[in-house]
Ligand code: NCD
């Protein structure tokens, strides 16, 4: 038996159909399914590290990537994931500036649906766009980020990175820091990490933490030193200047002084604490290069690698559900 055949057998054993017809939010998952999805993703990590890494699990299926917002890592990660599974992949970058949001989204969806894709991966600047689209098409929809609402595959890849680094996520204390108000990554991570038994804290200036954040089931801190004390993981978020209507921070230099993660602030967390960032990073704004590039603390490169494996697990599992429905 070749290495590839052995990997394919293990993957077939671990494959569980997705519990919902679409993957729109972290809440579409449940704890036992998350564990099986992570096990499946672990097998894909092993496969991706082999020299021959293409399977035919999605042969004959068409995956369409529809990105109304700019993206480098998420769109390429989905594209690579679908190709590694043997699917036909079409990636369409749509210029957000040239579309009249709601109307064009539905028109585009109906047009693409007529081409009979099996899975549509969507990123859009409007919260709720992926859910709206899922009601208009006959295929499975994966939310690759909708406005400031959710980015569930990011939370899944973060969870995969954490489980591989710590062994177990239950009992970890995770601080999500910075621009929480504009972050779909924060919302999906709060939901998924809490579901899997981690304690989540939100740390940021009052202008960047939503007023209702205490109802997310997290502790909220407006001081880095207080918030980081006792944390095992420090997840930094990008300052999303493009989503801010007015000036919510005095200046990026001032922001770094109070909220930017450097060695000094990291030392306030637990010894051995690990650092995460979904990317793209604003170096010197929310994170210092010295910390971001130190592979003994930073999981940022792991997150990118885990992104492909986690998305392969999602696509394979959605496809298994489609198979069951056929
Ligand atoms: C995030 C996103 O687009 O929501 N990035 C990503 O998916 N890699 C976070 C961000 O843009 O800051």
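Note that Cβ sites are derived from N, Cα and C of the backbone, with glycine treated the same way.
According to TrEMBL, the domain 'Aspartate/ornithine carbamoyltransferase carbamoyl-P binding' annotation covers 22-163. Across all of the domain 'Aspartate/ornithine carbamoyltransferase carbamoyl-P binding' (22-163), the predicted model scores a mean pLDDT of 92.
According to DSSP, residue 73 (carbamoyl phosphate binding site) sits within a helical segment. According to TrEMBL, the carbamoyl phosphate binding site annotation covers 73, 74, 123, 151, 154, 279, 280.
For residue 184 (L-aspartate binding site), applying a Cβ distance below 8 Å and a minimum sequence separation of six or more within one chain yields 127, 145, 146, 147, 148, 149, 150, 151, 154. Residues or ranges marked as L-aspartate binding site in TrEMBL: 101, 184, 238.
For 171-317, the entry in TrEMBL reads domain 'Aspartate/ornithine carbamoyltransferase Asp/Orn-binding'.
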So which other residues, same chain and not among 73, 74, 123, 151, 154, 279, 280, have a Cβ within 8 Å of the centroid of the Cβ atoms at the carbamoyl phosphate site? 71, 72, 77, 144, 145, 185, 278, 307
What does DSSP call residue 184 (L-aspartate binding site) in the simple three-state scheme? helix
Taking 10 A as the limit, how many CB atoms besides its own sit near the CB of residue 238 (L-aspartate binding site)? 20
To the nearest whole angstrom, state the Cα distance for the pair residue 279 (carbamoyl phosphate binding site) and residue 238 (L-aspartate binding site). 7
Structural state of residue 154 (carbamoyl phosphate binding site), classified by DSSP into three states: helix
